[in-house]
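*Asks:* Following this message is one structure expressed as structure tokens.
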């Protein structure tokens, strides 16, 4: 009789362990799906910010070109820098497959840090160029 109880309890423990393993596997796959969705959201937000920045810079560049007509050497250099920044922004619109494979293993915080570093690397020069261009424009108007 004791043997039957031992077998029954062992069976219950084994089935409970199997269920917990199954639940762990399911929760792990759910976490992977959520991480993948978060990556897509982050990329979507980054793409939207980059496209908004690009359109603003294009409008600014067109405005400068229309307003000044002929450019001085300094204006020409500023426009060259803006065009280089625009090319950099265009290259960020289409991330390569390799970078996507690299980011799959990162957690959300690491991914957010990567995007922040890229934004700082791009937005710093862009803001300084826009600031200097606007400063030159204000000097010419004033």
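Glycine too: its Cβ is placed from the backbone N, Cα and C atoms.
Given the structure is predicted, the values throughout are model-derived calculations rather than measurements.
These came from Swiss-Prot, pasted as-is:
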- 1-18: signal peptide (SIGNAL)
- 68: phenylalanine amide (MOD_RES)
- 141: isoleucine amide (MOD_RES)
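Relative to the rest of the structure, where do these features sit?
*Replies:* Among residues of the same chain six or more beyond the signal peptide (1-18), none has a C-beta under 8 A of the stretch's C-beta atoms.
Contacts of residue 141 (isoleucine amide) defined by a Cβ separation under 8 A and a same-chain sequence distance of 6+ are given as none. Classification of residue 141 (isoleucine amide) by DSSP places it within a helix.
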